[in-house]
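Student: Just lifted these from TrEMBL, have a look:
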- 49-142: domain 'Lipoyl-binding' (DOMAIN)
- LYS90: N6-lipoyllysine (MOD_RES)
Amino acid sequence: MLRTALRPASRALVLPRARAIQSPWLRTVVTKRYTPEHEWVAYDDATGLGTIGITEYAQKALGDVVYVELPVAGTPVAAGEQIGAVESVKAASDIFAPVGGQVKEVNEALADSPDLLNKSAESDGKSPFSPDDLLCWLAKIQMSNPGEFNELLSADAYKVHCSGGEESS
């Protein structure tokens, strides 16, 4: 029986190599959920990051925002734990972590311009992140338990909650 072996140079000619190509059509799924306390979380399934902000409902109730207190990056937080506050000319409101994990980043732009929250507290719903969302988020949390996200209110359930109904999920 005749045995043949390929030399390294000829192996490259015989065996095609797969190239790593990232398709521009591949996208991550970003889903937004809400809390009864009027915070929103946009969860990016590719990174495990939850981006947190306040809802339009909360922003309108507060009025002109004059100060925002944010958590410190690197801080571990539990779901439901107070992580900051928003003060306006009308009132002050605590911000609670909708999900647990570690704070990875905070929106430093809000320290100098807290009124950015009045521009657009959340996107128009047509896309997970509008250009205004880049300005109005509060913090990004590396979620320790992504299952907590699914326990939050869907957009429809949040609308019912804001109108005085009791629907959940």
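Note that Cβ sites are derived from N, Cα and C of the backbone, with glycine treated the same way.
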Student: Averaged across the domain 'Lipoyl-binding' (49-142), what pLDDT does the model get? Just tell me the whole number, please.
Tutor: 86
Student: Sequence gap of 6 or more, Cβ distance under 8 Å: name the residues on the same chain that satisfy this around LYS90 (N6-lipoyllysine), in order along the sequence.
Tutor: ALA61, LEU62, GLY63, ASP64
